[in-house]
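Asks: Dumping what TrEMBL says about this protein:
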type	residues	note
TRANSMEM	7-29	transmembrane segment
TRANSMEM	82-103	transmembrane segment
TRANSMEM	115-137	transmembrane segment
TRANSMEM	157-180	transmembrane segment
């Protein structure tokens with residue numbers, strides 16, 4: 001028996017924690033969308049909207065104030081509500097998948113447990129999809145979500161990080177899922 005861990009497992013164990021960090025940052029940081037050039041506001045004011053908070057930043061002085069009132073019903077919109085449910089659920093499932101992956105990949109055994117690693121891959125693949133759905137839907141509805149008329153809308157960094165994290169989790173999950181192939185070869 002070889003003491004080497006298969007490359008696909010290593011790839012999965014590298015990509016998935018990176019995906020978890022990006023998705024966590026994207027979930028918590030209040031910047032899924034930026035609203036600028038709001039007609040009734042100074043030119044240098046930017047509103048940053050996340051799935052939990054709205055912040056107002058004056059760019060000339062870098063004064064930032066979070067916890068702003070949701071006057072337009074932004075948090076009541078379906079894509080925001082779906083993101084509030086699926087993003088934390090995805091994070092929990094990613095943690096569970098990483099624990100299962102740690103048990104399957106090696107966990108102080110001479111040989112990896114390929115079936116356990118494959119199951120972890122499926123969990124991590126599912127968690128990546130669970131965070132990709134709200135990120136994609138929010139992006140699709142970005143310009144339809146309520147904002148002051150005449151203002152400029154743009155994608156925020158949190159949304160980009162959520163996308164990247166989702167993709168890394170999906171790729172890492174697929175890599176770990178390849179462990180099923182090795183298990184089938186043995187039997």
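Even glycines carry a Cβ here, placed using N, Cα and C.
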Asks: Considering only the recorded stretches 7-29, 82-103, 157-180, state which has the highest number of Cβ pairs under 8 Å to the transmembrane segment (115-137).
Replies: 157-180
Asks: Which sequence-distant residues neighbour the transmembrane segment (157-180)? Criterion: at least 6 residues beyond either end, Cβ under 8 Å.
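Replies: Contacts of the transmembrane segment (157-180) (Cβ under 8 Å, skipping residues fewer than 6 from its ends): 6, 8-9, 11-16, 18-27, 29-33, 50, 87, 90, 94, 97, 101, 104-105, 112, 114-115, 117-118, 120-129, 131-132, 134-136, 138-139.
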